[in-house]
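Taken from TrEMBL as is:
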COMPBIAS  419-429  compositional bias 'Polar residues'
DOMAIN    7-42  domain 'PAC1-like LisH-like dimerisation'
REGION    415-434  region 'Disordered'
REPEAT    110-151  repeat 'WD'
REPEAT    152-186  repeat 'WD'
REPEAT    197-244  repeat 'WD'
REPEAT    245-286  repeat 'WD'
REPEAT    327-341  repeat 'WD'
REPEAT    350-383  repeat 'WD'
Amino acid sequence: MSQILTPRQAEELHKAIIAYLAANNLQSTASALRQELNIGEDLFDATTAKKYEGLLEKKWTSVVRLQKKIMDLESRNSVLQAELDSATPTSRQNKDPISWLPRSPARHTLQSHRQPITCVAFHPVFSVLASGSEDQTIKIWDWELGELERTVKGHTKAVLDVDFGGPRGNTLLASCSSDLTIKLWDPSDDYKNIRTLPGHDHSVSAVRFIPSGADGSSSNLLVSASRDKSLRIWDVTTGYCIKTLRGHLEWVRDVCPSIDGKYLLSGGDDRTARLWEHTSSSQEPKVTLIGHEHVVLCCAIAPATAYAHLAGMAGIKKPPVTSSVEFMATGSRDKTIRLWDARGTCIKTLTGHDNWVRGLVFHPGGKFLISVADDKTLRCWDLTQEGRCVKTISDAHDHFVQCIRWAPPVIKGGAVNGTDGNNGESNGTPKKGAAAGTDVQIRCVIATGSVDLNVRIFAN
């Protein structure tokens, strides 16, 4: 047998063992070992015994501690390795917008609201972000500089949602509130309240401008969702409600228009999501998505860039190209996210959040779905890997994360004199196609809002 220890190390070990045996009243065993190793009184007297007493126990406990540290380090290493194997490495993510994912820490933490933040929305052209809060105000920020520009007041109860959009060249800010109203504000005129839209019979929980046409160009239509169980469609130029959609049995929590404005996806307290073709004469939903076991709090329509990945998940060999709504996502108080096809079939349930799922946004590149929840985390789900969670920002906020939006893309050659250079696309939703002569670039910026009173900007 080959010697692992040097003669000196072996002698030290022998003396430590003899001291251990003697200290534990195993004198005969200690004497037998000393005799066998030829260690007499001259080499191991009382002083030597005192020196080596307890040494073996110290060495042993040190080894156990080191083993535990090694196991912890190996565990952390395997998590990091899995993230490297499954996701695009950070260095490449930062260079490639299609694979970019948010990372901690946030670039900016915006603080001014006095009550929980309920909603955020990006301006389609400028580096402007609006946030709404239970403190009844809307705050306007420069998200690039991380500075507060103004506070907009007018609602008399909590502001529940905000959105930028409207007719081309005349971007407006829409807001809705527990005070039963929707208000329109003009950013070009110091955010003056130019119109108030009454009509809902209970809190208005969501509001979105509806795009128009296959290229996502802007329109003058607005959709709202309410606790009165209805969706209403408004003409912002006249302030008239032109259509009311009824079908939900309870509070309608969220609404999302398709890129061409033809369809609306809504979700609510009746545990369903419903897809509406609002341009048709039918008052009935086109599809009802049934499967969640609790309130549906948020919904999102997948961009065309995600079709290939989601088609594979749905078992379809060739991704569909016929409709602006082929796949959808919903988030619920049942702590799950569900992915659906256009027929209303749930193709995947994503589990991982430990509390209510509050917000969803598809990555414009199509590879990922980003979610936020009351477990204070932001999670990234890889659609190329059957929806596996490949990244979690566990310290996204210090309290429930209530909302998330992705900044609209940079349109080069599309915006003139500060007009609506995003061609009116729905906030954070990638365009299906760009007008001739324009270059559409993904903007790697995400905003989140929380009960911790902070708005956070995650940016490349």
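Cβ atoms here come from the backbone N, Cα and C positions, even for glycine.
The shown structure was predicted, so the numbers you read here are calculated from the model rather than taken from an experiment.
For the repeat 'WD' (327-341), the partner stretch with the highest count of Cβ pairs under 8 angstroms, out of 110-151, 197-244, 245-286, 350-383, is 350-383. For the repeat 'WD' (350-383), the list of distant contacts is 86-87, 97-102, 297-310, 313, 329-333, 335-339, 389-406, 409, 428-430, 442, 446, 448, 450, 458: same-chain residues at least six beyond its ends, Cβ to Cβ under 8 Å. A mean pLDDT of 82 is what the model gives for the domain 'PAC1-like LisH-like dimerisation' (7-42).
Broken down with DSSP, the domain 'PAC1-like LisH-like dimerisation' (7-42) shows 28 helix, 0 strand, 8 coil.
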